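Feature annotations, courtesy of Swiss-Prot:
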- 9-29: transmembrane segment (TRANSMEM)
- 42-62: transmembrane segment (TRANSMEM)
- 80-100: transmembrane segment (TRANSMEM)
- 101-121: transmembrane segment (TRANSMEM)
- 280-283, 303-308, 329-330, ALA351, LYS355, 393-394, LYS409, 434-438: NADP(+) binding site (BINDING)
- LYS355, ASN433, VAL441, THR458, ARG523, GLU526: substrate binding site (BINDING)
- LYS397: active site (ACT_SITE)
Amino acid sequence: MIFYKSKRLAFFLTSDIVLILLSVYLAFSLRFSGDIPSIFYHGMMVSAIILLVLKLSFLFVFRIYKVAWRFFSLNEARKIFIALLLAEFCFFLIFYFFSDFFNPFPRSAIVIDFVLSYMFIGTLRISKRMLVDFKPSRMKEEETPCIVVGATSKALHLLKGAKEGSLGLFPVGVVDARKELIGTYCDKFIVEEKEKIKSYVEQGVKTAIIALRLEQEELKKLFEELVAYGICDVKIFSFTRNEARDISIEDLLARKPKDLDDSAVAAFLKDKVVLVSGAGGTIGSELCKQCIKFGAKHLIMVDHSEYNLYKINDDLNLYKEKITPILLSILDKQSLDEVLKTYKPELILHAAAYKHVPLCEQNPHSAVINNILGTKILCDSAKENKVAKFVMISTDKAVRPTNIMGCTKRVCELYTLSMSDENFEVACVRFGNVLGSSGSVIPKFKAQIANNEPLTLTHPDIVRYFMLVAEAVQLVLQAGAIAKGGELFVLDMGKPVKIIDLAKKMLLLSNRNDLEIKITGLRKGEKLYEELLIDENDAKTQYESIFVAKNEKVDLDWLNKEIENLQICEDISEALLKIVPEFKHNKEGV
């Protein structure tokens with residue numbers, strides 16, 4: 001490598017010496033129409049030596065000799081221009097103060113020399129790039145022919161990477177929807193209308209690379225257009241990573257709130273001692289990561305799953321001096337009290353819960369004990385140990401619940417919010433499904449596709465709301481930041497998604513139209529439509545994605561008695577109905 005660099009330096013240095021001397025000679029020759037009077041020979045030779053030293057010096061200063069052929073760009077051309085301009089300026093100053101030494105000397109030769117030397121030195125360096133660019137390219141066996149969608153700077157970067165062979169792609173054309181760009185050049189390609197994709201598909205091209213920055217709705221529309229044209233492999237080019245990645249279902253479905261407020265969350269968490277229950281779950285682990293990200297002083301991670309706790313502890317191992325993993329069930333009040341007395345958290349983020357509807361239907365007693373009694377024990381212990389704020393993660397399934405899980409979460413809302421007072425601020429945050437959470441529909445579909453199995457869903461009309469887990473958790477923390485105590489916050493999850501449409505899109509993205517979709521029938525307690533969430537009577541907050549739902553406190557003595565009854569009753573569904581009158585238990589499914 002050192003030899004190669006030395007060889008390159010020697011080549012460029014030798015070439016530049018020849019070209020600089022040649023440009024001085026040609027400058028004089030052009031000035032005198034090819035016949036240089038002998039009287040000017042002295043001035044020409046002196047100026048050639050001085051200009052040679054000055055130009056080489058400035059080219060070294062601007063690090064031009066460290067640039068390889070293939071990395072020569074407009075930026076390097078600009079540096080050469082400035083280096084040569086400064087060299088000519090310094091020569092002019094020398095000439096101005098020591099003109100007698102040069103006389104006679106034609107001043108116009110300075111300008112001509114500058115133009116020629118820039119042309120020669122720049123052309124030398126760009127020559128290899130030009131040869132590579134204009135050399136007819138042939139597709140290698142391992143490369144995939146593709147269409148580039150979007151005549152942008154991203155596209156130019158993509159085309160450059162493809163030429164260098166770093167992407168495994170072989171672009172055959174560039175298309176764009178903007179009429180003003182049609183017929184212009186993007187690299188060596190003439191930009192064509194999107195409709196041209198049809199003819200490329202007929203020629204066997206099945207891959208499209210999106211080189212545009214698009215909003216989600218625009219991306220969804222473009223994806224559908226590309227599929228309609230016959231494209232079966234859609235990728236998005238990442239400029240920062242210099243790679244073309246597969247478009248994902250998350251790109252097409254996830255709601256991405258525009259009112260995420262990092263500063264508010266940082267102010268809320270910075271230098272605080274925070275306890276997260278259910279720390280190893282999908283929501284809990286993201287809460288832990290964001291607590292560390294936004295400057296929590298100490299994070300206590302509580303979970304009763306050894307594996308989940310190990311996983312999040314390992315993920316945050318770089319911050320081990322700031323985290324404490326506690327393997328503990330929140331049903332163990334004595335141990336929980338010891339933890340709170342030892343670490344004195346100022347904030348508890350309660351994410352521990354059983355969340356899977358079918359399992360809770362089959363194990364209603366366990367759902368009641370874990371969700372309701374566990375929440376009650378944690379909330380009571382927090383208040384007794386003077387924790388300042390308690391934020392509980394709730395669910396859209398708590399709205400007019402039809403299943404045991406949703407109803408237990410509604411009871412948790414009633415209990416925790418009724419415990420709120422001026423010394424113990426409690427808030428609950430409801431939201432829908434997060435993309436990729438354990439046991440949810442998207443990982444299930446991905447596994448079925450990987451195993452060549454049909455995609456199963458319970459009803460063709462079933463719909464759900466989706467949000468990326470990181471965005472949902474940040475909105476939870478923003479809600480916690482603005483909570484004064486007693487609020488039932490609701491997150492705007494965007495538009496509902498039909499699960500059958502989700503299944504079809506995932507098959508398209510996987511190029512697996514050979515797999516079928518099977519309808520299995522609604523399960524016990526399952527809703528067709530989650531009744532999320534935003535009601536016209538809900539109060540707005542400073543964030544457009546966060547609302548406050550109406551909620552009434554209940555008599556705690558009465559609620560405590562009903563919770564005691566839940567633990568010993570024979571019919572849990574009936575006992576829950578006494579607490580939550582709007583509970584309409586779908587025991588049979590469809």
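Cβ coordinates are placed from backbone N, Cα and C, and glycine is handled just like the others.
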Positions on the same chain near the transmembrane segment (42-62), where near means CB under 8 A and six or more residues out: 13, 16-17, 20-21, 24-25, 28, 36, 79-80, 82-84, 86-88, 90-91, 94-95, 101-105, 109, 113, 117, 121
Maximum Cα-Cα separation in Å among residues LYS355, ASN433, VAL441, THR458, ARG523, GLU526, which the record lists as binding substrate: 18
Under 8 Å between C-beta atoms and at least six apart in sequence, can you list the same-chain neighbours of SER305 (NADP(+) binding site), or say none if there are none? GLY280
In the same chain, residues at least 6 away from the ends of the transmembrane segment (80-100) whose Cβ sits under 8 Å of its Cβ atoms read 47, 50-51, 54-55, 57-59, 61-62, 64, 107, 110, 113-114, 117-118, 121-122, 125
By Cα-Cα distance, the member of recorded positions ASN308, LYS397, LEU435 nearest GLU526 (substrate binding site): LYS397
Determine the Cβ neighbour count for ASN308 (NADP(+) binding site): the number of other Cβ atoms within 10 Å of its Cβ. 20
Write down the Cα-Cα distance for LYS397 (active site) and ARG523 (substrate binding site), rounded and given in Å. 14
In sequence order, which residues at least six apart in the same chain have a CB under 8 Å from the CB of ALA351 (NADP(+) binding site)? VAL276, SER277, GLY278, ALA279, GLY281, ILE283, GLY284, LEU287, ILE393
Tell me which residues of the chain lie with their Cβ under 8 angstroms from that of ASN433 (substrate binding site), as long as they are six or more apart in sequence? SER440, VAL441, ARG464, TYR465, PHE466, MET467
Among LYS355, LYS397, ARG523 [recorded positions], residue with fewest other Cβ within 10 Å: ARG523
Least surrounded, by Cβ count within 10 Å, of the binding-site residues SER394, THR458 is THR458
